[in-house]
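Colleague: Structure in structure tokens, see below.
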Amino acid sequence: MAAVRMLRTWSRNAGKLICVRYFQTCGNVHVLKPNYVCFFGYPSFKYSHPHHFLKTTAALRGQVVQFKLSDIGEGIREVTVKEWYVKEGDTVSQFDSICEVQSDKASVTITSRYDGVIKKLYYNLDDIAYVGKPLVDIETEALKDSEEDVVETPAVSHDEHTHQEIKGRKTLATPAVRRLAMENNIKLSEVVGSGKDGRILKEDILNYLEKQTGAILPPSPKVEIMPPPPKPKDMTVPILVSKPPVFTGKDKTEPIKGFQKAMVKTMSAALKIPHFGYCDEIDLTELVKLREELKPIAFARGIKLSFMPFFLKAASLGLLQFPILNASVDENCQNITYKASHNIGIAMDTEQGLIVPNVKNVQICSIFDIATELNRLQKLGSVSQLSTTDLTGGTFTLSNIGSIGGTFAKPVIMPPEVAIGALGSIKAIPRFNQKGEVYKAQIMNVSWSADHRVIDGATMSRFSNLWKSYLENPAFMLLDLK
């Protein structure tokens, strides 16, 4: 009996020590009703002792966390809040979309890192948010088993837990992606996600659409190949793109932001560069014929084939011969860096303003590869979903002003690049061949600008002549393709 009493006394003291140790390691503790609990941290014995059950604040009612705007790279310090995907009181899970923000370079979707309830939004639409400052307050979810007795909580095997997670897992996708899928009658369960943890991205939906039969309605070949004859000059009436704004008699002042703010910064730096201009005329008659032959083949692969892939590939072949045009200079023009990759930018006119995504590594891409990438960039650009990667890292730029209707331009270099080309519209103009015969020629004008601090006129002229020869005689490109 003495031995039993001694063991009971030792056990009671040990239990108190364990309680005290547990109490000291748990901050912000609440006291609940007395209960029996087994401290599983000591496997050598099991001990049940009446005491006040302990629980942390976070486990009791959830902890409010300030979700801050993290660094999104490229030296971006502030962004504009363009759209909220949540409101106060909404429940969110990890990787759910919180909002869409726009910097001076790209639009970015911010996703949650926590499971919980939105308690506060710090910004209204079009407000400026700063990196490192709170975006929202999220009350994290309390643990469901935190109020249960540890002794009575059944252990779940690893296999059972895994099975329940897989069975109950929901498809990961942002509201914008779900909306796009719904508009095109696509079941998200049929789409393979390429994002983190199988998240379905907008590119996955677009790729799924391209692979489906009839997902992209083909235009009538007759309409494309045999366009209706143009109206006489005297009957041509300019069509207004949009209605003129109604004059209210009041001036309106608003801040410059988004892509327009980026243009202010870039163009201000660009105009410090001494520009050298060079113009030429390109006969694209043979290229027009070649494209008409290749369009049905590209269309069968689900790709729209424009002239731009040929322009980009010809430029890349020219840059191999004149690498100084694929270079960049530092701010004070003390050092020049010759770029190994040909990341050729394409100026695009969008509702948000001028953006310049670029096709990466054109030097190792085929015409079809370039066309595929251009299709992707154009689709993402039309819905303002281009990533920062798509919009940065350019080494050379082409601006297709002719798609709007221009013939000549004076393009402005995008620093730190050293050259840019502007392409005019293609027009049918009478020209003489080598026999002196008049024929219908497809003429396009090109306007080049180069940084005259490092590029001389002869270099720009030789590059343009080489680029011109590839386009006027497309078969020549076959000799240099790699």
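Glycine is no exception: its Cβ is also placed from the backbone N, Cα and C atoms.
Reproduced below are the annotations present in Swiss-Prot:
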ACT_SITE  His452  active site
ACT_SITE  Asp456  active site
BINDING   Arg291, Ser306, Asp349, Gln378, Ser399, Asn400, Ser403, Gly424, Ile426  CoA binding site
COMPBIAS  157-168  compositional bias 'Basic and acidic residues'
MOD_RES   Lys105  N6-lipoyllysine
MOD_RES   Lys133  N6-succinyllysine
MOD_RES   Lys196  N6-succinyllysine
MOD_RES   Lys196  N6-acetyllysine
MOD_RES   Lys202  N6-acetyllysine
MOD_RES   Lys243  N6-acetyllysine
MOD_RES   Lys250  N6-acetyllysine
MOD_RES   Lys289  N6-succinyllysine
MOD_RES   Lys289  N6-acetyllysine
MOD_RES   Lys435  N6-acetyllysine
MOD_RES   Lys440  N6-acetyllysine
MOD_RES   Lys440  N6-succinyllysine
TRANSIT   1-61  transit peptide
Colleague: Compare the C-alpha of Arg291 (CoA binding site) with the C-alpha of each of the recorded positions Lys133, Lys250, Lys435, His452, Asp456, and give the closest one.
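Modeller: The smallest Cα gap between Arg291 (CoA binding site) and any of the recorded positions is with Lys435.
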Colleague: Most Cβ neighbours within 10 Å: which of the recorded positions Lys133, Lys289, Arg291 is it?
Modeller: Arg291
Colleague: Just the number: how many Å between the Cα atoms of Ser399 (CoA binding site) and Asp456 (active site)?
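Modeller: Here the two Cα atoms lie 21 Å apart.
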Colleague: Determine the Cβ neighbour count for Lys435 (N6-acetyllysine): the number of other Cβ atoms within 10 Å of its Cβ.
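Modeller: Other Cβ atoms found within 10 Å: 6.
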Colleague: By CA distance, which of the recorded positions (Lys250, Ser403, Lys435, Lys440) lies nearest to Lys289 (N6-succinyllysine)?
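Modeller: The smallest Cα gap between Lys289 (N6-succinyllysine) and any of the recorded positions is with Lys440.
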Colleague: Return the residue, from the listed recorded positions Lys202, His452, with the maximum count of other C-beta atoms within 10 angstroms of its C-beta.
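Modeller: Top count of Cβ atoms within 10 Å goes to Lys202.
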Colleague: Restricting to the chain of Asp456 (active site) and a gap of 6 or more, list residues whose Cβ falls under 8 Å of its Cβ, or answer none.
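Modeller: Spatial neighbours, sequence-distant, of Asp456 (active site): Phe276.
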Colleague: Relative to the Cα of Lys435 (N6-acetyllysine), which of the recorded positions Lys133, Ile426, His452 has the closest Cα?
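Modeller: That would be Ile426, nearest by Cα distance.
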Colleague: Counting other CB atoms within 10 A of each CB, which of the modified residues Lys250, Lys440 comes out lowest?
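Modeller: Least crowded of the modified residues Lys250, Lys440, by Cβ count within 10 Å, is Lys250.
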Colleague: Would you kindly give the Cα-Cα distance separating His452 (active site) and Asp349 (CoA binding site), rounded to the nearest Å?
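Modeller: The separation of the Cα atoms works out to 27 Å.
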Colleague: Calculate the distance in Å between the alpha carbons (Cα) of Lys133 (N6-succinyllysine) and Ile426 (CoA binding site), and round it to a whole number.
Modeller: 50
Colleague: CA-CA, which of the recorded positions Ser403, Ile426, His452 lies nearest Lys440 (N6-acetyllysine)?
Modeller: Ile426
Colleague: Write out the long-range same-chain contacts of Ile426 (CoA binding site), meaning residues 6 or more apart in sequence whose Cβ is under 8 Å from its Cβ.
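Modeller: Listed in sequence order, they are Leu284, Val288, Phe307, Gly402, Gln442, Ile443, Met444.
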